[in-house]
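Before any comments, here is the structure.
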Amino acid sequence: MVFEEKMIMNGEPDEVNDPLESLRQKCEEAEHCVHTRGRLEECETRVGSRSSTEEDCTEELFDFLHARDHCVAHKLFHSVK
């Protein structure tokens, strides 16, 4: 009930900051993530420029997600200790 009253008085927040999303964005700026994201973007550009291809950039996507999530896990669990 108190929460609803505060929402009525203050209104809905315009933007809710998700700490996990903030950490992911910070990790995406790390050197290894920048490198793997670059490879993913190069692949997407290459695949997008072709009318027909079997290439789908799965490996590049997984490499980027792995690098980012490794960084997130390291930072998250380091701060939990």
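Positions of Cβ are set from backbone N, Cα and C atoms, glycine also.
In TrEMBL, the cysteine linked to CYS57 by a disulfide bond, out of CYS43, CYS71, is CYS43. In this structure, the C-alpha atom of CYS43 (disulfide bond) lies 23 angstrom from that of CYS71 (disulfide bond).
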